[in-house]
Amino acid sequence: MSTLKEKFVTLYKSRWFVFVGAMWLQSWAGIGYLFGSISPVIKSSLNYNQKQLAMLGVAKDLGDCVGFLTGVLCEILPIWAALFIGASLNLVGYGWVWLIVTSKVPVLPLWAMCILIFVGTNGETYFNTVSLVSCVQNFPKSRGPVVGILKGFAGLSGAILTQIYAVIHSPDHASLIFMVAVGPALVGIGLMFIVRPVGGHKQVRPSDGKSFTFVYGVCLLLAAYLMGVMVVQDLVDLSETVITIFTIILFLILIVPIIIPLSLTFGSAEKTLEEEALLPETPGQSQNYSDEVILSELEDEKPKEVDLLPASERQKRIAQLQSRLLQAAAEGAVRVKRRRGPHRGEDFTLMQALIKADFWLLFISMVLGSGSGLTVIDNLGQMSQSLGYDNAHIFVSMISIWNFLGRVGGGYISEIVVKDHTFPRPAALAVFQLVMTVGHLFIGMGWPGSMYVGTLLVGLGYGAHWAVVPATASELFGLRNFGALYNFITLANPVGTLVFSSLIASRIYDYEAEKQAHGGQHLNIASFVSSALNVGDAPKCEGSICFFLTSTIMAGLCIVAAGLSMFLVFRTRIVYASLYGKSSMRSLR
């Protein structure tokens, strides 16, 4: 009995058990991706026009991305308390929206609705921060796969909740809002004592590579299954029993990863545990830096080729140079001063990172790429309706799957780029941004079937951002303050959607709708001002012209984003050569 108890304690402390719990938490955490499905219900119930709906979308994105308080609370409070706060915010925010839409409470003004959407979606930041910070600390040498898989499950939550909604089969579309309010809150409370840092760097096993391969296989199976189910449901009128069976199989697939911690804990063979460093060796860093004092001439005296030497030789050369300069300093030949801050690859605080060009290159590239992708996600309902598609749910579910595969694939591909080819991770980001460019053009053209191709490419590209960028930030600016850095980077979403959705997409859509309402005539100044001030009923636009200009603009800015990413590649190639060079990797082992 005591042995069995010890096994369960070991299971509870297993980093793989935490990782599986984080996957489950994230699979219900991406509630923002369902905004495209719930927005038509809010729009019709409250008689909003496209501009007002876009403001709710911006509030949703702000709530999803403003996580400064989240980062602070996660450092002060226990992890379980942070998850409880996130669940409470989700329940209160979207629960109140549901009460308003169903006329159970009085309607609130637009600004109050924006606050409710913000509060409800802000709960997601607690889920994301706790999951990512815990698992990146537990798997410090597998950041790309861990971030990609966790963010992938968050992106897939839209398809999962849509499938559960199909089981309920309620004629009241507002019940989807109720599910968004209750479902993630219950899951967060249920997992709040499981997802946490457990010193996972001391639990390294030779089988970890096979375990990640198994998880990737489950991810591909889950994506293929959901895609097949959605296609069948779209083409065939299924009975409620068949839909229920489909949903039960979905839950079984989600449970399958628990096999990994169970087999590692209760397996008969004893596994040898190893320990890996919490932080990788960083360029130009040695133990002599621990006292935070360096020589002013060290960087000037050090040849550039030193950073490209094997790790052991690099440390030896720097130590020799330091020794000579310290001796000269003792004789008064050089001046010793406090180091001015960390170098690339060391631990930065948020304020230290904010004054670095590398950080802003990464952030602006994220704004242009991720912001344009999120604009498509937020406007999928209107985009599909303007092109003649009656059911927007199929596109919401599809882009959730492509988003999921983009995140999982982005983490996997970027890991190959850095580990096998010793090339900076942002190179993978640039490729995915060019893929998004093609997707935006397909959506803008409005050809038959182009909506399916466009959502595929945009979903893959958008998802890859959330695997590549957080991993890149942790490599360039360290793990110690990763929570604060990550939550600042997520501000790229509301900044991007404010520009693309509120200032560009919604205005062009309303202009084209008013133009069609006036028989295709160009609007005079009075009509345009009336439209801008939201006077009258909400107009509807039909045809590819509704989003053609918007999609073209977003395609062009994705090309700019790819250029910024490649510039960052040029600036950080020495860092990645030091972090992931073959000699460096051998020294880490």
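Cβ coordinates are placed from backbone N, Cα and C, and glycine is handled just like the others.
If you look up TrEMBL, you'll see 15-262 marked as domain 'Nodulin-like'. Taken from TrEMBL, the feature transmembrane segment covers 16-36, 107-127, 148-168, 174-194, 214-236, 242-264, 359-377, 392-414, 426-445, 451-473, 485-505, 547-570. The feature domain 'NFD4 C-terminal' is assigned by TrEMBL to 353-516.
Tertiary neighbourhood of the transmembrane segment (547-570): same-chain residues 358, 361-362, 364-366, 368-369, 372, 375-376, 379, 382-383, 386, 423-424, 426-427, 429-431, 433-434, 436-438, 440-441, 443-446, 461, 500, 504-505, 508-509, selected by CB-CB distance under 8 Å and a gap of 6+ residues from either end.
Counted over residue pairs separated by six or more positions, the transmembrane segment (392-414) shares at least 3 Cβ pairs under 8 angstroms with the transmembrane segment (214-236), which defines the two as touching.
In terms of C-beta pairs under 8 Å, the stretch of 107-127, 214-236, 242-264, 485-505 lying closest in packing to the transmembrane segment (359-377) is 485-505.
With pairs at least 6 apart in sequence, the transmembrane segment (148-168) and the transmembrane segment (242-264) have 3 or more Cβ pairs within the 8 Å limit; the two touch. Sequence-distant contacts of the transmembrane segment (107-127) (same chain, six or more residues past either end, CB-CB distance under 8 Å): 25-26, 28-32, 42, 46, 48, 52, 55-56, 58-67, 70, 73-74, 82-83, 85-97, 100, 154, 180-181, 184-185, 188, 487, 490. On the 0 to 100 pLDDT scale, the domain 'Nodulin-like' (15-262) averages 85 in this prediction. For the transmembrane segment (451-473), the neighbouring stretch richest in Cβ pairs under 8 Å, chosen from 174-194, 214-236, 426-445, 485-505, is 426-445.
Beyond the ends of the transmembrane segment (214-236), by six or more residues, the same chain brings 145, 149, 152, 156, 159-160, 163, 166, 243, 246, 249-250, 253-254, 256-257, 259-260, 391, 394, 397-398, 401, 404-405, 408, 412 to within a C-beta distance below 8 angstroms of the stretch.
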